[in-house]
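As structure tokens, the structure follows; a few thoughts come after it.
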Amino acid sequence: MKLRGLYAITDSRLLADGRLLPYVEAALRGGARLLQYRDKSDEDARRLREAEALRDLCLRYGAQLIVNDDLELAARLGVGLHLGQQDGSLSAARALLGPKAIIGATCHGQLELAEQAAADGASYLAFGRFFDSSTKPGAPPASLELLERARARFPQPLVAIGGVTLDNAPELIRRGAAMIAVINALFAAANAAEVEQRARAFGQLFADT
């Protein structure tokens, strides 16, 4: 699948109390192309149930599920994987998941990290944070100019993350982001209908470019 558009990322705090599945389905209905399941807890049984349900939703809507930092779970479900800099070997993940799996890598604001990730077989390169982020307030910043340099340097699609909103996303897309990763500006919503509306608005930004 073409890696372009809205990349929705779950948040266990925002999507507690039964909101996970209806809010995610709303995002998919609104056009999210990739969905990252991000849950850092050690509740393995619950995480497996949720990931299975999310995989089925993604299949229904023609989207792709990406698991954050859990190679074993990604392999078990036959889905993609996102790895941070401390989350294990990308080349080992590629060897296990195979050549067609979507495997993304966090590169922060460093082209050197992206060089290594690209060499190890990353499907996409994620840069950020570009703006103040409530999810990861202490994450190192990345510059908008970095996106332009990365776009000229790498064939892999670029993901922009960190404080992305409908107001600042257009600049990220203009600078070279093929995907915009969104958490709060998508899921911090009053209801599922609002999530769908926000997802459609983010998707329209790509239609306008």
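Each Cβ is built from the backbone N, Cα and C atoms, and glycine gets one as well.
Per Swiss-Prot, the feature 4-amino-2-methyl-5-(diphosphooxymethyl)pyrimidine binding site maps to Q36, Y37, R38, D39, K40, N68, T106, K136. The annotation Mg(2+) binding site is assigned in Swiss-Prot to D69, D87.
Mapped onto this structure are the features recorded in Swiss-Prot.
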| residue | record | DSSP class |
| --- | --- | --- |
| Q36 | 4-amino-2-methyl-5-(diphosphooxymethyl)pyrimidine binding site | strand |
| N68 | 4-amino-2-methyl-5-(diphosphooxymethyl)pyrimidine binding site | strand |
| D87 | Mg(2+) binding site | coil |
| T106 | 4-amino-2-methyl-5-(diphosphooxymethyl)pyrimidine binding site | strand |
Cβ density check for N68 (4-amino-2-methyl-5-(diphosphooxymethyl)pyrimidine binding site), other Cβ within 10 Å (all protein chains) comes to 20
Across all protein chains shown, the binding-site residues D39, D69, D87 give the max Cβ-within-10 Å count at D39
Going by C-beta under 8 A and a gap of 6 or more residues, the same-chain neighbours of Q36 (4-amino-2-methyl-5-(diphosphooxymethyl)pyrimidine binding site) are Y7, A8, I9, T10, L65, I66, V67, N68, H82, A181
Densest Cβ environment (other Cβ within 10 Å) across the binding-site residues R38, K40 belongs to R38
When each of the binding-site residues Y37, T106 is scored by other CB atoms within 10 A, the minimum falls on T106
Integer Å value for the Cα distance linking D87 (Mg(2+) binding site) with R38 (4-amino-2-methyl-5-(diphosphooxymethyl)pyrimidine binding site) is 13
